[in-house]
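Here is what TrEMBL records for this protein:
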- 12-33: transmembrane segment (TRANSMEM)
- 112-129: transmembrane segment (TRANSMEM)
- 136-167: transmembrane segment (TRANSMEM)
- 182-200: transmembrane segment (TRANSMEM)
Amino acid sequence: MVRYTGRVKKYLVWWLVTPVFWWMVTRPGAVAFEWRRVPGYARTYLQELTGPERLGRINEMRGAGGKWGRVWFNKGYVVVDEIFSVLSLLSPRIYFQAGDGGPLSPPGVEPIPGLLVIFWAGGMVASLKKYNPRPFVIAGLGAVGAYAVGGIRLAFLLPVLGVYLYWVEEGATMMLGGKRKWLVAGTGIICAYLAGRAYFLD
C-alpha cells in the first residue's frame, strides 16, 4: 500500500508541472464554458455528419469513381473516416505542441512541455513490455468520449491527458531512475515560464 501511494504521488506531481493543469485551475470559467456548449457541439456535428452536403459528396465520388467508386465510397466510408477522426484525438501533437489559441490552449504554450514527449514514448513502450493494456483502453475510451461531445478540446480530453502523463512518469522512471526528480524540477521551471508568458501575452 505504501509503495502504491508513493507511485500515485509521483504520478500526480506531473500534473503540477503542466501548463494545462494551471490554466484549468485558474480559469474554471473556461472549463465550464466548454461543458455548457456540449449540446450545441453535439447537435452541430450530428447535422454535419448526416447532412446532405457530406452524403452528397460521397454520391459524387461514387459516380466519378466508376465501379470501384461504388464499392469504396458508401456510408461505410463515413464510418471509417470518423474512426480516423477519433484516432486523431490520440495524436501527441495535441498535448506536446504549442497551443492553438483555444480557451484552454493559449498560443505558444504546450499543454505538456514538449521535452517530455520522449518519456511519453518510453512509458508507452514500458506498458507494452508489461503487457498492460489498461492505459491504452482508458486513452481510447477518453478519445471516443471527447469525440462524442466536442472533439479537439482539452476540457474533454483530460482522460487522454492523464494517461499520457502516466506514460511520462513510467518513461522517466525507466530511463532516469532516481534522477527523475531533476527532470520534474526542470519541467516545473519550464511550466512556470510558459504559464507566465501566457498570462503576460493574454
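Here the Cβ of each residue, glycine as well, is placed from N, Cα and C on the backbone.
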Which sequence-distant residues neighbour the transmembrane segment (136-167)? Criterion: at least 6 residues beyond either end, Cβ under 8 Å.
11, 14-15, 18, 20, 24, 30-31, 34-35, 37-38, 41-42, 45, 82, 85-90, 92, 94-95, 102-105, 111-112, 119-124, 126-127
Hey, which bits of the same chain come close to the transmembrane segment (12-33), Cβ under 8 Å, at least six residues off its ends?
103-106, 109-113, 154-155, 161, 165, 168-169, 184, 187-188, 190-191, 194-195, 198
